[in-house]
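Structure record follows, encoded as structure tokens.
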Amino acid sequence: MSRKDPCQKQACEIQKCLQVNNYMESKCEAVLQEMRKCCARYTKGRSICCSGFEREEREREKVKLASE
């Protein structure tokens, strides 16, 4: 039996927001932030919905390390 993705609700909210706002991410910053918070609560790999946000976080870390 598979487990429900813990951040699926937030992922669906992002999709709804993007559709309503003609895919302008800037209009959905609040729901994107909620998704980031959800992804931060769970161990990496626990949520399929978080895979893009985990990749984004890794890229941010690379930039941060390169600038030090």
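These residue numbers are counts, starting from 1, taken along the chain as shown.
Cβ from N, Cα, C; glycine included.
Taken from TrEMBL as is:
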- CYS7-CYS38: disulfide bond (DISULFID)
- CYS17-CYS28: disulfide bond (DISULFID)
- CYS39-CYS50: disulfide bond (DISULFID)
| message | Is it possible to get the count of other C-beta atoms within 10 angstroms of the C-beta of CYS17 (disulfide bond)? | response | 18
| remark: Among the disulfide-bonded residues listed as CYS7, CYS17, CYS28, CYS38, within 10 angstroms of CYS50 (disulfide bond) by C-alpha we get CYS7, CYS38
| task | Please name which of the disulfide-bonded residues listed here, CYS17, CYS28, CYS39, is nearest in space to CYS7 (disulfide bond), Cα against Cα. | result | CYS39
